[in-house]
Amino acid sequence: MSKIVGSDRVKRGMAEMQKGGVIMDVVNAEQAKIAEEAGAVAVMALERVPSDIRAAGGVARMANPKIVEEVMNAVSIPVMAKARIGHITEARVLESMGVDYIDESEVLTPADEEYHLRKDQFTVPFVCGCRNLGEAARRIGEGAAMLRTKGEPGTGNIVEAVRHMRRVNSEVSRLTVMNDDEIMTFAKDLGAPYEVLKQIKDNGRLPVVNFAAGGVATPQDAALMMELGADGVFVGSGIFKSEDPEKFAKAIVQATTHYQDYELIGKLASELGTAMKGLDINQISLEERMQERGW
């Protein structure tokens, strides 16, 4: 008997429900509860936040299932978990545990340098990172129900997330004025499925939500990404590496919701302690940049 998989419509609909919200990285039940109380729409369960993964080096793998279960039992909001790029078994284990989403994530060490997961063969919806329309279309073609910018995780530096969001949006704008022949050439140049690009052209936007991720450290960062067209925000190290995680979590949720209320954002920022220490992207070699993982 063949395995039943979720339809694109159902998976994308589930992701749409998170639109306008904040998804926070957590490493235990206590942090998950802080995130839920602050108004997060979902949490990402993992063993270490990206800044700690970066500092530790070595091979970063899927979180211990005990951590994921602990988080799932602690909150009522959706729980996501990360699997390595191309690691079929990690993803199947997470699916069997009943997580709400799987992030095929470049934050972890890739298991396969040639192939991403065939996400359309799973029941659980997937979120994936992208830096440009080519990566976005390839992941959608594989069955991703949700996208996010890659940014540069664990840096507290928003510059790469801004670059990736602007690039995807500008390439979508270019695509919308192309005829079918031009789309065919564009698909070849990008190495992306023609059918996905045609759908984007016809709708004038991506068929899935695209969140901001990678470097969000302050309420202002979150609001900026919403201003640039993000459908929501992932916050990794920015909250629990800050001086006051509870205040930062609440402030980032508020700033994401009211991203054009600059007086409120200023007030929120003035009441916070010190944000996480940021890293200059230029001090990170290409080989060490997580955003370079995947294709």
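Placement of Cβ uses the backbone N, Cα and C atoms for every residue, glycine included.
Straight from Swiss-Prot, the features:
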{"type": "BINDING", "residues": "ASP25, GLY154, GLY215, GLY236, SER237", "note": "D-ribose 5-phosphate binding site"}
{"type": "ACT_SITE", "residues": "LYS82", "note": "active site, schiff-base intermediate with D-ribose 5-phosphate"}
{"type": "BINDING", "residues": "ARG166", "note": "D-glyceraldehyde 3-phosphate binding site"}
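Among the recorded positions LYS82, GLY154, GLY215, the residue whose Cα lies closest in space to that of ARG166 (D-glyceraldehyde 3-phosphate binding site) is GLY215. Secondary structure from DSSP puts SER237 (D-ribose 5-phosphate binding site) in a helix. Take the recorded positions LYS82, ARG166: by the count of other Cβ atoms within 10 Å of each Cβ, the lowest one is ARG166. Taking only the Cα positions, the spacing between LYS82 (active site, schiff-base intermediate with D-ribose 5-phosphate) and GLY236 (D-ribose 5-phosphate binding site) is 12 angstrom. Under the three-state DSSP scheme, the residue listed as 'D-glyceraldehyde 3-phosphate binding site' falls in the helix class.
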